[in-house]
Amino acid sequence: MKRYAVILAAGQGTRMKSKRYKVLHPICGKPMVQHVIDQVSKLGVEKAIAVVGFGAEQVKEQLGSQCEYALQEEQLGTAHAVMQAAPHLRGLEGVTIVVCGDTPLITAETMEMLIEHHMAAKAKATVLTAIADDPSGYGRIVRNEAGHVEKIVEHKDASEQERNIREINTGTYCFDNETLFQALTKVTNQNAQGEYYLTDVIEIIKADGGVVSAYQAPSFEETIGVNDRIALAEAERIMRARICRQHMKNGVTIIDPASTYISAEAVIGRDTVIYPGTVIEGETVIGEDCVIGPNSEIKNCYIGHRTSIRHSVAHDSEIGSDVTIGPFAHIRPLSKIDDEVRIGNFVEVKKSTFGKGSKASHLSYIGDAEVGADVNLGCGSITVNYDGVNKHMTKIEDGAFIGCNVNLIAPVTVGQGAYVAAGSTITDDVPGRALAIARARQVNKEHYVDRLPGKKKS
């Protein structure tokens with residue numbers, strides 16, 4: 001049987017108190033609605049329709065061709081939102097799952113079970129329910145003797161007995177597609193809010209003799225909707241724990257999951273250890289047997305095997321195997337660090353390459369540079385790359401040795417195997433295997449201090 005999906009993503013989200021469109025708020029680095037679409041895409045749907053309203057263009061920019069779009073110009077309720085998908089789905093045979101774009105924790109596994117239960121029950125509609133510790137504010141599920149849905153009672157309309165029911169309506173449904181769009185034509189807005197509600201579709205289907213079933217989600221957490229910053233933080237916490245658990249199941253050691261942030265897209269190899277206070281963002285790939293953290297920030301990096309990054313920041317760069325970075329190093333975007341490199345404490349690397357086995361162990365800035373293999377950069381080495389208008393390249397060839405407190409004024413090349421004496425300011429190219437000394441000769445003034453006014457002779 002063919003499957004379709006409608007993702008409700010038109011709400012403004014006024015309780016978020018934000019300029020950002022609600023469903024675009026990120027959870028673990030990915031917009032809420034993207035989490036939902038990613039899970040829906042695993043269901044093998046023929047069509048996925050995102051119903052958009054406020055911020056429609058931003059949502060389209062985020063989701064692109066992953067789905068089709070229907071515009072809800074006025075937000076007149078959930079049934080009205082689904083009605084906007086009619087031009088895409090009306091008259092098609094199959095089942096349609098309706099899910100909210102602000103439920104980022106829902107999984108494909110739960111939606112798959114919802115669809116399978118719906119089909120096994122030969123239902124016209126199936127409600128995804130959950131057991132809530134505190135069901136206040138939620139619609140309660142009242143079941144009949146057969147276990148099907150007798151009615152959905154909103155909290156404000158529920159009797160004392162009905163309010164004791166902990167099974168709630170999550171707002172996710174599975175419908176027979178043709179039945180859904182037939183019932184939508186009968187929904188009215190004769191209520192205090194003047195809106196069209198999807199729960200009325202359930203009543204219409206029941207009145208027409210259709211079976212309305214219910215499938216209970218494995219956990220309430222999976223079904224929560226994000227309507228304010230408090231719920232956003234809660235969803236972030238749950239998603240972060242879920243991501244950490246999956247990595248740990250895959251063989252990654254995470255010392256303290258509660259203080260570790262890993263994006264949904266990150267890939268981490270087995271036997272890697274993640275220490276507390278570490279943030280791994282974006283599409284980062286980390287190899288096996290690495291040590292990351294504590295207190296490190298990695299974003300959109302490719303990292304090889306057996307690499308250590310401690311108390312450091314690395315963004316948008318490629319880092320090889322058996323590399324040591326930190327503490328307190330900063331690898332800025334577009335850098336490429338080859339195998340067996342050492343980037344030590346208080347070293348900043350910007351848009352530069354380091355060849356195999358090279359070292360910059362302390363207090364250096366290497367920007368817009370090509371550093372060859374087996375190069376040693378002494379403490380305080382600086383590539384002076386900016387002339388106030390343009391950035392210029394520094395090239396340091398294989399085996400070069402740069403002494404402490406050296407300024408390399410770009411554009412400049414230090415040849416293969418060359419030495420640069422400590423304290424030099426290099427403005428011209430240094431030939432291979434040469435020694436460059438670019439500092440004034442030391443002059444000692446004998447008895448100078450004795451001649452200063454007010455100084456006693458010793």
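Each residue's number is its place along the chain shown, starting with 1.
Even glycines carry a Cβ here, placed using N, Cα and C.
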According to Swiss-Prot, which candidate in Arg433, Arg439 joins Asn385, Tyr386, Ala422 at the acetyl-CoA site:
Arg439
Closest of the binding-site residues to Arg439 (acetyl-CoA binding site), Cα to Cα, picking from Lys22, Asp102, Asn169?
Lys22
Tell me the Cα distance separating Asn227 (Mg(2+) binding site) from Gly139 (UDP-N-acetyl-alpha-D-glucosamine binding site), rounded to the nearest angstrom.
17
Under DSSP, is Gly77 (UDP-N-acetyl-alpha-D-glucosamine binding site) helix, strand or coil?
coil
Out of Lys22, Arg332, His362, Arg439, which of the recorded positions is least crowded by other Cβ atoms within 10 Å?
Arg439
Sorry to bug you, but what's the C-alpha spacing from Asp102 (Mg(2+) binding site) to Lys22 (UDP-N-acetyl-alpha-D-glucosamine binding site), rounded to the closest Å?
8
Return only the integer: C-alpha distance in Å from Ala422 (acetyl-CoA binding site) to Tyr365 (UDP-N-acetyl-alpha-D-glucosamine binding site).
16
